[in-house]
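Annotation comment: TrEMBL describes CYS92, CYS95, CYS132, CYS135 as Zn(2+) binding site.
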Amino acid sequence: MEATWQEQLRTVGLRVTRPRLSVLQVLAERPHADVDTIVTAARAVHPTLSPQAVYGVLQALVSSGLARRIEPAGAPALFELRVGDNHHHLVCRSCGAVADVDCAVGAAPCLTPSDTAGFVVDEAEVVFWGLCRQCRVETPAETAQVLQHDNRGGTIA
Ligand SMILES: [Zn+2]
Ligand SMILES: [Zn+2]
């Protein structure tokens, strides 16, 4: 695995460094991890790694296209290594679990705006919100009804 990451780093013009390899390893093991999780996991392997260094590595990986940053509304930014396929995300309102979902319909960008205002659109970022399987099982019917009621209230207001 590490050999591949070294090649990938070189391909995008980044020097191969231990911190970069560590962060790549963490991202491979924990898709959709937030910064705190990545810092903690990377420092477990490299205690000398500062949070600032980890932020720097994430920044470099994202701007070079090796990693992708997603930002579900109201949630911390999440990072993943699955890039370039215009995939979307399912996010659980209750526990924050994130799952990948392939292109919504047909080829990227999946959504066709009614008016592109002259833009050439090549990507659409879609977040589907709901309750994950686990939370649906754990959520008592009463709470589920309250949630539904809240949703209706929101629509009327
Ligand atoms: Zn959940
Ligand atoms: Zn993803």
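Any Cβ shown, glycine's included, is placed from N, Cα and C.
Note that the structure is predicted; figures quoted are calculated from it, not measured.
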Within the same chain, and leaving aside CYS92, CYS95, CYS132, CYS135, name every residue whose CB is within 8 angstroms of the centroid of the CB atoms belonging to the recorded Zn(2+) site, in sequence order.
ARG93, SER94, GLY96, ALA97, LEU131, ARG133, GLN134, ARG136
Quick one: give me the count of other CB atoms within 10 A of the CB of CYS135 (Zn(2+) binding site).
17
Indicate the candidate from CYS92, CYS95, CYS132 with the smallest number of other Cβ atoms within 10 Å of its Cβ, considering only these binding-site residues.
CYS95
What does DSSP call CYS135 (Zn(2+) binding site) in the simple three-state scheme?
helix
